[in-house]
Amino acid sequence: MTEAWRPDDDERRGAIGPVRVRVPAKVNLHLGVGPLRRDGYHELNTIYHAISIYDELTARRGDTLALTMEGEGTGELALDDTNLVIRAAHALAGYAGVLPHARLHLRKQIPLAGGLAGGSADAAAALVACDALWGTGLSRDELAGIAADLGSDVPFLIYGGTALGTGRGEAISPVLARPTSWHWVVAIADGGLSTPTAYRELDRLRDSGAAGAPLGSTDALLGALRQRDPRVLARTIGNDLQDAALAMRPALADTLKAGEAAGALTGIVSGSGPTCVFLAANAADAERIAAELTAAGVCREARVAHGPVAGARVG
Ligand code: ATP
């Protein structure tokens with residue numbers, strides 16, 4: 001008589017898993033927000049950039065689909081089908097025609113609703129982890145196709161690096177850039193901001209004539225990314241959603257001012273905020289600016305990061 005198969009047997013033999021996937025946060029070096037489309041999304045022209053703040057998802061064999069979580073903001077997240085990790089696992093299983101069985105554990109370091117696409121990152125991590133665990137062997141482009149239905153930022157986090165996003169942000173093309181590492185300071189605020197609310201606030205500001213001029217083309221930024229000078233890059237970074245985030249959270253203006261006073265080359269609100277990101281001239285400056293921001297009490301926490309880094313990867 002043979003013994004019944006147990007979920008951990010494969011792991012013990014070392015055949016399958018656990019699969020550990022690390023996924024980065026994103027910032028938008030250029031977030032150009034165009035008109036509102038009929039489907040309720042805005043037309044975007046954005047340059048995504050993956051930075052070295054990571055969530056980690058571990059996937060193990062299981063006989064149901066189960067999720068556990070620890071870290072940043074997880075107390076506020078449900079473990080059910082509203083969680084993007086669970087939605088991503090179901091989407092991949094449906095596409096590949098396999099049972100969505102896995103034990104998933106998420107360790108979050110990307111702040112919740114911070115404008116760093118943490119939820120989208122977790123969805124990308126789940127696609128990559130489950131693809132490896134289930135042996136479905138999809139290409140990155142196929143995973144990005146599934147990702148697009150889960151959220152506009154999810155395809156970018158499958159690829160990482162620096163990339164152009166068009167459509168509602170889901171259509172990704174890589175950007176030709178010199179292999180340079182840029183140094184960032186990430187100022188994390190208390191509490192989050194809702195992305196849909198920030199877009200609605202921008203529409204309201206634009207309707208009332210109170211919004212700044214839209215950013216326009218990405219050409220200057222793309223040119224700067226082909227050079228190695230952070231001062232040139234600093235002049236080309238911008239975010240159309242920043243006015244909306246500042247209207248919703250006026251204290252962010254103090255954070256931006258404090259970063260620039262501490263020597264940052266430039267600072268912007270990341271995506272829909274409330275996280276602010278600052279470009280530093282080098283790694284030592286980034287450390288110093290982070291310490292000064294923390295001491296000034298203008299953010300909950302300041303972390304240094306570099307970019308670009310790879311997207312969701314096993315290992
Ligand atoms: P973006 O920059 O893409 O607009 P964000 O960084 O502002 O996003 P997220 O952390 O991605 O915000 O979270 C947005 C919302 O997504 C959360 O408020 C939460 O309701 C939902 N969500 C679902 N699953 C997750 C998850 N695993 N992690 C974070 N948020 C999740």
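Numbering starts at 1 and runs along the chain as it is shown here.
Placement of Cβ uses the backbone N, Cα and C atoms for every residue, glycine included.
Note that the structure is predicted; figures quoted are calculated from it, not measured.
Sequence-distant neighbours of Lys26 (active site) (same chain, six or more apart, CB under 8 Å from its CB) are Tyr48, His49, Ala50, Ile51, Leu116, Ala117, Ser120, Ala121, Asp153, Phe156, Leu157, Gly271, listed in sequence order. In this structure, Lys26 (active site) is part of a beta strand by DSSP. Residues annotated as active site in TrEMBL: Lys26 (among others).
Per TrEMBL, active site is recorded for Asp153 (among others). Under the three-state DSSP scheme, Asp153 (active site) falls in the coil class.
In three-state terms derived from DSSP, Ala113 (ATP binding site) belongs to neither a helical nor a strand segment and is classed as coil. The Cβ of Ala113 (ATP binding site) lies under 8 Å from the Cβ of Gly73, Gly191, Gly192, Leu193, Ser194, Thr195, each on the same chain and at least six residues away in sequence. Residues annotated as ATP binding site in TrEMBL: Pro111, Leu112, Ala113, Gly114, Gly115, Leu116, Ala117, Gly118, Gly119, Ser120, Ala121.
Summarising model confidence by region, the domain 'GHMP kinase N-terminal' (83-161) averages a pLDDT of 97. As annotated by TrEMBL, domain 'GHMP kinase N-terminal' applies to 83-161.
As annotated by TrEMBL, domain 'GHMP kinase C-terminal' applies to 222-297. Taking H, G and I as helix, E and B as strand and the rest as coil, DSSP gives the domain 'GHMP kinase C-terminal' (222-297) the counts 40 helix, 11 strand, 25 coil.
The Cβ of Ala121 (ATP binding site) has 31 other Cβ atoms within 10 Å, all protein chains considered. Once Cβ contacts within 10 Å are tallied over all protein chains shown, the binding-site residues Pro111, Gly115, Gly119 are led by Gly115.
Within the set of recorded positions Lys26, Pro111, Gly115, Gly119, Ala121, Gly115, Gly119 have a CB atom less than 6 Å from some atom of ligand 1. Taking the centroid of the Cβ atoms of Pro111, Leu112, Ala113, Gly114, Gly115, Leu116, Ala117, Gly118, Gly119, Ser120, Ala121 as the ATP site, the other same-chain residues with Cβ within 8 Å of it are Ala25, Ile110, Gly192.
Take the CB of Ala117 (ATP binding site) and look out to 10 A: across all protein chains shown you find 30 other CB atoms.
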